[in-house]
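Heads up: the structure comes next, in structure tokens.
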Amino acid sequence: MTAPRDPFFPADLSIRASAEPIEIQRLGLIDYQEAWDYQAELATRRANDEIPDQLLILEHPSVYTAGKRTQPEDLPTNGLPVINADRGGRITWHGPGQLVIYPIIKLADPIDVVDYVRRLEEALIQVVGDMGVAGAGRIDGRSGVWVPAHDGWVDSKVAAIGIRITRGVAMHGVAINCNNTLDFYEHIIPCGIADAGLSTLSRELKRDVSVEELVEPSIRALDDALAGRLVVSDHSFGSAPDPTKNLPKRG
């Protein structure tokens, strides 16, 4: 996702409303609906300044979730249920072996959603690159972190982003494919993108990469990106149509 304008805040300044340290919660393997309800509770409390910003670190049992731009043709062909989420984007899958991080962050005014997403991307690009994945970056028009086509594979997404802003507080967040299966993606059109692939860090690096291996580097990178210590840079290696542009929102 490329910003069509300069961000509202200088790149080296924090996008957070508070300078207090972010509180980290490690939730382990947790049901999607339970985590969603918990996010909503925390987002309300954060909007009321009752708690500091939060990072929820977790994995989900296998589940499909559909963002507000999901189309009928995106839906699974294997008969598994889908949870309709209030985040942006289209359909995706979550499951064991995928690191999920939900930042519950009160954003500084004026709220810049595009800059927030790009800072999340920057953090994930840093983490994936530091792991040794060559060329990881952006495809303009598509959010997330991508690996260029290689060894007969097409351009492939290794990390996804889907967010919601409510009362100035961000919720939902990011998912990094570590050592999860890719089988469940075969039954949907992931993120509404039919002409690209999915990958995992384990596949890219040809070794097992656990969720736990990514936790601390991801926490540091997200904290740095939101604070402006890690500055958004140009990591684009391609461009493609935005898969959500001009699509109707689910009511």
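Cβ atoms are placed via backbone N, Cα and C, with glycine included.
Marked as domain 'BPL/LPL catalytic' by Swiss-Prot: 49-230.
According to Swiss-Prot, the substrate binding site annotation covers Arg87, Gly88, Gly89, Arg90, Ile91, Thr92, Trp93, His94, Ala160, Ile161, Gly162, Gly173, Val174, Ala175, on the basis of sequence analysis. If you draw a 10 Å sphere around the CB of Val174 (substrate binding site), it holds 25 other CB atoms from the protein chains shown.
Annotated site 'Lowers pKa of active site Cys' per Swiss-Prot: Lys157, in sequence order. Under the three-state DSSP scheme, Lys157 (site 'Lowers pKa of active site Cys') falls in the strand class.
Swiss-Prot lists Cys191 with the feature active site, acyl-thioester intermediate.
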- Message: I need the least crowded one of these recorded positions (Arg87, Lys157), counting other C-beta atoms within 10 angstroms of each C-beta.
- Response: Arg87
- For Lys157 (site 'Lowers pKa of active site Cys') and Val174 (substrate binding site), determine the Cα separation and express it in whole Å. 12
- Three-state secondary structure, Arg87 (substrate binding site) (per DSSP): coil
- Note on the structure: Its Cβ having more other Cβ atoms within 10 Å than any other among the binding-site residues Gly89, Ile91, Trp93, Ala160, the winner is Trp93
